[in-house]
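Trainee: Features from TrEMBL:
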- 114-374: domain 'Nodulin-like' (DOMAIN)
- 113-132: transmembrane segment (TRANSMEM)
- 152-171: transmembrane segment (TRANSMEM)
- 178-202: transmembrane segment (TRANSMEM)
- 241-264: transmembrane segment (TRANSMEM)
- 276-297: transmembrane segment (TRANSMEM)
- 335-359: transmembrane segment (TRANSMEM)
- 365-385: transmembrane segment (TRANSMEM)
- 450-469: transmembrane segment (TRANSMEM)
- 489-508: transmembrane segment (TRANSMEM)
- 552-574: transmembrane segment (TRANSMEM)
- 586-605: transmembrane segment (TRANSMEM)
- 627-650: transmembrane segment (TRANSMEM)
Amino acid sequence: MAASIQQAALLCNTEGLEEMMEDGDETSSLLNHDLDEEEEEVVDGRTSGSSLHARLLGPELPVESVHLKGDMGPENVCGEGNGIVAAGGGEVGRRSWRSFNPRLPPLSEPRRFWQLVVGALCCVAVSSSYTFNLYNGRIQSKYNFTQSQMTTISTIGDIVGVLILPLGAIYDHYGAQPIFLIALVLFPLGGIFFGLTFANAIEGSMAAFSLYVCMQSLGSSLLDLGSVMTMLSIFPANKGAVVAVMKTFCGMGSAILGAIHLAFFPSENDSDTSSFFYFLSVLAMLASFFGVVFVEVPPYMIRGCEKRVLTEAQRKERYRIRRQFLRQKAPTTRFAIGFTIVLILVFFLPVQGAISAYMELDNSYHVTFACVSVGLCAFYPMMALPWKVLDRKLPLPHTGSFSFGSGRASRLSRFSLLSRGTMDSTAAIRELDYIAPQYQTTLVQNLRTLRFWALLWLLFATSGAQIIIMGNMRFLFGALAGKPLGESFVALLVVITGVGSGLGRILLSVLEMMTQGRSAEERTPITFTLFVPSVLSVATLLLLLILPTNALPLPCFTIALVNGSAAAAIVIVLRTIFATDVAKHYNVCSFAGIAASLLMNRLVYGEWYTREADKQGGTLCYGRQCVLMPIIFSLVTNISGVIAAMYIHWDYSSYCRRMLEMRAQRLPNRVPHVADNSNSNVVDIQYDDGKGSLTEVKTVVESPVEK
């Protein structure tokens, strides 16, 4: 469920790049193309499509403040008075890039972070799908369902996820608003029907509950699609931080909802359960409404409905905006506020859950714990406050340079505005400083590759373990313990699950920020993150087999880490390694989870548990033998998933090495050639702290030009 974003091509194979390199004369003429003529097509720096980015861009700087005199030479800009030093002088200029590009004002950080706050609220609503263990006991006892019937209800809710594929196409074609509108109807309606059923206003049955779960499941999937993937597009240079401060609530939100449930809806009767569903409906309604009003795809995304109506000038303007999103990293101070709140919740929620489970406390303590949890979340909008103190100095761009012999901007450093024939291929090589190499193959082409099927198998294995353990926690842990679980202990498990899932997302986010923020040559291939959920799944299943009953919360915590790390890994990996059909790739990957729910949860676990329960003469089964076979089956499957992760990482690492080798061959040879064809004395000034790009400009300034 990811947004398909139009990205610069990094070529799907090495042959295509080599063919482009061989077109030396044609590429050289394009590199010498006068970009001033292109900029003149954009009246006043904007096109008729500029209203799309008005909400995210800050106020423009006046053109007069950035005027450069025509007779300005290198000696006029290399002095200390101007604060600019040529790259050949050994120092990177400190003047902001905005001084030389008045047409694209900086992005408005308060607006971006307000959308992030709304996205976090959507993720809390999405986390309600993890609260099934809070009320599945009431459903089972009220209607005397067998475990086969219970797994059928949850499995049908997973299978309906197949509908997310055409709905993902709607996102690619029209943007986020239609997705939030559909979620605004489906998600709350499913909760209302659940509430009416427990209020005895509607007759309950397995078919009815399956329908309600389908509505909620589809609604939560749409909220996830509309919020998470849009935020990753709005913060393309901060994907790890976004996952940490927002996607974390897809797991941790269930712990907050668990605290609220224990305080205000303790499931002592059907009325409390009915009220809890009404509460979830209101939460989903608010999140969806805010998404419709405030969340929209960034302006550089060319939606399907716009492809045939945008002019060439408008496309170039969109591409310039895209580079601005890549260059301008969000202020760390604002992210630090979100990190702080998340870390406080990580420590507070399990502590209050353990106290509630193991100590005899009256309801006033539970209410206090719930209010503190909600109060901490109320500080989250501080990230979006329009305070200058929260904004650090804007980062400098990677490829800004100027030719002062003619007073014009150097064509050399602006590959991305060339004609569309070779523009993407050339810019892609340079943009390895910003983003990792990406496969340009479409979904149909990837379905014919072993690496994509290995990825699907890995997701099938890890999803199966998660669904069996997390979706049936009350019954599976009860079988291992040999007795029914108390409501307080179940609430503790839900809290541990939520916190562990949040920590798993934070773990992957930290790994992404630590490894992907390096230079292109030192960057670790992002596919290494797939080892985290696959190895943890194997460890969790082994713990279930060997640990005693009183240590069951430990595998509960580790499987929650699997859930969070897998959710974050698949989002980050797919968004990083695939440049085209990203939404379709993500939606197809969701089929792995659907298949795992059907085969491993419904058939392997559900049928085996029901068979063992029949032997004991009831609908519930107690004893390790009730769940031993599903655990062993899942263990073998996940061991093969680790092997699949090893192959995926090896394949993508090889691709990255090939791209970097061609980058090293391409840029040093092409740049001097372009400088030779510019009929002016070019002094290139680099406004960047990026090591790779600075080296390129020094080559232009310091190396002799071939005649």
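The backbone N, Cα and C atoms fix where each Cβ goes, glycine too.
Any TrEMBL annotation is an automated prediction that lacks curation.
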Trainee: With an 8 Å cut-off on Cβ pairs and a sequence gap of 6 or more, do the transmembrane segment (241-264) and the transmembrane segment (365-385) reach 3 or more such pairs?
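Mentor: Yes, the transmembrane segment (241-264) and the transmembrane segment (365-385) are in contact.
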Trainee: Restricting attention to the domain 'Nodulin-like' (114-374), give the mean pLDDT.
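Mentor: Averaged over the domain 'Nodulin-like' (114-374), the predicted model reaches a pLDDT of 86.
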Trainee: Please give the sequence-distant neighbours of the transmembrane segment (627-650): residues at least 6 beyond its ends with Cβ less than 8 Å from one of its Cβ atoms.
Mentor: 450-451, 454-455, 457-458, 460-462, 464-465, 468, 476, 479-480, 525, 527-528, 530-531, 534-535, 537-538, 541-542, 544-545, 600, 604-605, 608-609
Trainee: Hey, which bits of the same chain come close to the transmembrane segment (335-359), Cβ under 8 Å, at least six residues off its ends?
Mentor: 116, 120, 238, 241, 244-246, 248, 252, 255-256, 258-259, 262, 365-366, 369, 372-373, 376-377, 379-380, 382-383, 390, 486, 488-489, 491-492, 494-496, 498-499, 502-503, 506
Trainee: Among 365-385, 489-508, 552-574, point out the range having the most Cβ pairs under 8 angstroms from the transmembrane segment (113-132).
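Mentor: If we count Cβ pairs closer than 8 Å to the transmembrane segment (113-132), 365-385 scores highest.
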